[in-house]
Structure formats: C-alpha cells, structure tokens
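Q: Pasting in a structure now, in structure tokens, and then I'll have a few things to ask.
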Amino acid sequence: MTLVATATLPTRYGTFTSYAFRVAGGDAEHLALVMGDVAEQPSVLTRLHSECLTGDVFGSYRCDCGEQLDLSLRYIAAEGRGVLLYLRGHEGRGIGLSNKIRAYALQEQGRDTVEANLDLGLPDDAREYDSAAAILRILKVTSVRLMSNNPKKFDTLARHGIPVCERVALAVPVREENERYIRTKQLKFGHYYFDENE
C-alpha cells in the first residue's frame with residue numbers, strides 16, 4: 001500500500017484531509033478522509049465504506065450504502081475526529097458496476113442479492129478489507145470505534161491487530177425498495193441490524 005497524494009478537502013460535513021492510496025501491484029486506489037488528529041489516538045471513530053456508485057452518488061434505494069455514507073460523515077463531523085476509508089473496487093460487493101446492474105435485473109425476477117451474484121457465476125462477496133487495515137496502519141490508527149453492520153470488517157481488523165473497541169450502529173431507514181436486500185445480508189452474511197420496534 002502506497003500513499004500517493006494528500007490534500008485538504010472541504011465538504012458539506014466539514015474539512016477533511018484526503019489521502020489517496022494505491023494498492024501495490026495493482027490499479028486499485030482507495031481514499032481516506034481524515035478529520036482531526038487520529039495518529040496514535042485511542043478509539044478513533046472509523047468507517048470502512050465500500051464504493052457504491054448507485055447508492056453513494058445517485059441515492060439508490062436498492063441498498064443502504066448512500067445513507068450509511070452520509071450518516072458516517074455526520075458522526076465524524078459531530079465528533080470532530082475520525083476516519084472514513086472509501087474502498088474502491090468494491091462496487092456490487094466486488095463484482096463491478098456492470099455485473100451489479102445484471103444482478104439487479106435478476107433481483108427484479110425474484111432472486112435475492114446473493115442468489116443473483118451466484119446465478120451470474122460470481123462470488124456472493126468478493127471484497128477484501130486487508131487494504132483497509134494497511135491504510136489504518138499507515139495513518140497510525142491504533143484502535144477504532146467501527147461504524148459498521150458487517151462482521152467481516154471486524155474480523156479483518158482483529159486479524160491485523162487493530163482492536164475494535166466498540167461497534168457504532170448505523171441505523172438507517174429500511175425502505176420497501178431495500179428491505180429484502182437488508183434482510184438477506186442479515187440472514188446470509190450475519191450483518192447486524194435493528195428491528196425498528198426495538
């Protein structure tokens with residue numbers, strides 16, 4: 001993992017320092033948005049966010065990605081300190097944009113999000129988070145409060161010796177358009193979600 005560029009990034013959430021990283025031996029680039037002092041600090045509020053063009057940019061209701069991104073940046077801004085890693089190459093759980101749209105078409109025919117990927121001969125989830133752990137190491141983040149519903153992220157950070165002190169829930173609205181998607185992730189991937197009545 002190589003740090004290739006850094007610059008100030010003013011946003012509607014506040015001002016971040018942006019760090020662009022390139023994965024060794026590949027074309028993948030990831031972006032870290034950092035607010036405040038995170039080096040050698042305990043329990044840094046952190047989000048590992050998988051790229052999702054349809055959700056993050058266009059506000060698609062098929063998933064909860066865009067709302068999780070927005071909420072994560074709001075939490076970091078409110079605290080005045082934190083890290084958001086925007087992980088490129090994770091589109092459609094790592095299958096790419098075109099294949100994600102093909103999977104959407106299968107979902108419209110009744111397949112769930114996992115079945116659709118498998119029907120296309122693709123993995124149910126091709127993402128890796130080792131790159132995220134490497135970036136956190138470069139940023140000298142020693143422990144995190146992780147904003148995530150995905151247990152795979154917790155496991156990867158633990159394997160790399162980055163303690164997760166707390167899981168910060170990202171409770172975004174379940175909509176008619178994404179309810180089946182969210183329930184499938186909960187049932188098939190063990191994602192953490194709240195019942196709205198809890």
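Glycine is treated like the rest: Cβ placed from N, Cα and C.
Pulled these features from Swiss-Prot for this protein:
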type: ACT_SITE; residues: D125; note: active site, proton acceptor
type: ACT_SITE; residues: R127; note: active site, nucleophile
type: BINDING; residues: R47, L48, H49, S50, E51, Q68, E91, G92, R93, T113, S148, K153; note: GTP binding site
type: BINDING; residues: C52, C63, C65; note: Zn(2+) binding site
Q: Within 10 Å of C65 (Zn(2+) binding site) (Cα-Cα), which of the recorded positions R47, E51, R93, D125, R127?
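A: Cα within 10 Å of C65 (Zn(2+) binding site): E51.
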Q: Pull out the binding-site residues from the set R47, C63, E91 whose C-alpha sits within 10 Å of the C-alpha of R127 (active site, nucleophile).
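A: Matched binding-site residues: E91, sequence order.
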Q: Cβ within 8 angstroms of the Cβ centroid of C52, C63, C65: which residues besides those meet this for the Zn(2+) site?
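A: So the extra residues in range turn out to be S50, T54, G55, D56, S60, R62, D64, G66, Q68, L69.
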Q: Between the Cα atoms of C52 (Zn(2+) binding site) and S148 (GTP binding site), what distance do you get, rounded to the nearest Å?
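A: Computed Cα spacing between C52 (Zn(2+) binding site) and S148 (GTP binding site) is 15 Å.
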Q: How big is the gap, in Å, between the Cα of S148 (GTP binding site) and that of C63 (Zn(2+) binding site), rounded to a whole number?
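A: S148 (GTP binding site) to C63 (Zn(2+) binding site), Cα-Cα distance: 14 Å.
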Q: Rank the recorded positions R47, R127 by the number of other Cβ atoms within 10 Å of each Cβ and report the first-ranked residue.
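A: Per the Cβ count, the most surrounded site is R47.
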Q: Where does S148 (GTP binding site) sit in the DSSP three-state scheme?
A: coil
